[in-house]
Amino acid sequence: MQLETITSISTPNGEGAIGIVRLSGIDALAIADVLYRGKKQLAEVDSHTINYGHIVDPTTDEVIEEVMVAVMRAPRTYTREDIVEINCHGGIHTINRVLQLTLNHGARLAEPGEFTKRAFLNGRIDLSQAESVMDFIRAKTTQASKVAAGQMQGRLKSYIEDLRQRILNILAQVEVNIDYPEYDDVEEATTAFLLDEAKKVLVDIDDLLKDASQGRILREGLPTAIVGKPNVGKSSLLNYLVQDNKAIVTEIAGTTRDILEEYVNVGGIPLKLIDTAGIRDTDDIVEKIGVERSRAAIGSAALILYVMNYNDTLSTDDIEILESLARDDRQVIIVLNKTDLEQNMDLEALQSYGMPIVETSILHEAGLKQLEDEIAQLFFSGTVENADSTYVSNNRHIHLLEQSRSAIGDAIRSAEMDVPIDIVQIDLVKTWELLGEVIGEDVSEQLIDQLFSQFCLGK
Ligand code: GDP
Ligand code: ZN
């Protein structure tokens, strides 16, 4: 029985400068030769040699990568089959494309442990050796999958599985088109379907990324500045937030003694309050340095609670600060305090800045619940309660989602420009793979391949 030729990336996925696509099987050389341009065909080079050349997409003649290709003929190889290792250096995108080309030209993606399985099947190692390798791999990957799965909550996982299924549906349609290229109307229908579906997937990935940025907030705290003129109630607001919310996460001294960060839990959102030293100080630094100081505090904040006095008229300082706040994309909530006093503030003028206004009387603890709601509204569309069970909070996942978004974006752009459908296909497959990595689908393979390369080197 002749086994199919298998392929996989045999270096750990990620930042590594060099990545290896490894083929093993009866057609390894033939498949590689379809893609390889060098001095000689690989079928003609000596065994156990490294050969310089280029990987080219034979359907477009596009040069994908400059490579060194190791050729090892059976039986003196790890699997006892012909092995070709394509050494790439162009980063994960290129490596994926090379892998994709080997898949497009007759190889099948190796299953976890399959190289070792072959070594065993072909008598290269005995069962106990194979088993110990497999056990090790399995232990590692279970743990890794658990780690990965621990980050992922059920909803996200099924969400991504759904996205992947939809991409597979598009790919199936594309496959039909590639099989029947002579029918123009099939191609048109395929492109229309592809664009339609791919755009929906893109929108959903965008949604996930929105969730992701919320996850980051939950993890790192939302940098928040309490700003305003002297005497409007900043210290009172801070004290209220700190006292009322017993769940202060931590209180850390900053790099300078002046800067103090405090974390308070407001409606489930950890606010990282910036530069509270200035507000806490009885001499009130804000009072001394005024607008300049306020500007500095605003600098690193994502949320600004701009406190004003209901009893005051709108001053030129206020107008200056509000106008500059309105110009940038930070979230601002105007806390119009001291509503227990007589109104002198021009509400209509204030509303003209288009920022949410919450009226409070901190002295009487009024309006503070509304303030919490407003904060939650701004950042979580009011749904912060279920946050822990829904959000992506891992930078690696966020990064993968961003890559997925750009890959499917590429597919859409290509389809719109009538690029040949098998090119579009590559980006769709890539999107599918990247999404798979998010839910840990690929983790085992990476680990195994890493293990294999160690195992190979060690022998
Ligand atoms: P800051 O200078 O902006 O930090 O303002 P403070 O928090 O130190 O408050 C200045 C004064 O306003 C204090 O005497 C507070 O008790 C008082 N104050 C704060 N909030 C209110 C409020 O809602 N109503 C009234 N009437 N007074 C308030
Ligand atoms: Zn103060």
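The backbone N, Cα and C atoms fix where each Cβ goes, and this holds for glycine too.
Note: TrEMBL annotation is automatic and uncurated.
Some features that TrEMBL has for this protein:
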- R22, E85, R124, K459: (6S)-5-formyl-5,6,7,8-tetrahydrofolate binding site (BINDING)
- 221-380: domain 'TrmE-type G' (DOMAIN)
- 231-236, 250-256, 275-278: GTP binding site (BINDING)
- N231, T250, I252, T255: K(+) binding site (BINDING)
- S235, T256: Mg(2+) binding site (BINDING)
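Mapped onto this structure are the features recorded in TrEMBL.
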residue	record	Cβ neighbours (10 Å)
R22	(6S)-5-formyl-5,6,7,8-tetrahydrofolate binding site	28
E85	(6S)-5-formyl-5,6,7,8-tetrahydrofolate binding site	22
N231	GTP binding site	14
K234	GTP binding site	28
S235	Mg(2+) binding site	20
Integer Å distance between the CA atoms belonging to R22 ((6S)-5-formyl-5,6,7,8-tetrahydrofolate binding site) and S235 (Mg(2+) binding site): 64
In sequence order, those binding-site residues of R22, E85, N231, K234, S235 whose CB lies under 6 Å from ligand 2: K234, S235
Assigned element (helix, strand, coil) containing E85 ((6S)-5-formyl-5,6,7,8-tetrahydrofolate binding site), judged by DSSP: strand
K234 (GTP binding site) - helix vs strand vs coil (DSSP): helix
Entries of R22, E85, K234, S235 (binding-site residues) sitting next to ligand 1, with Cβ under 6 Å as the cut-off: K234, S235
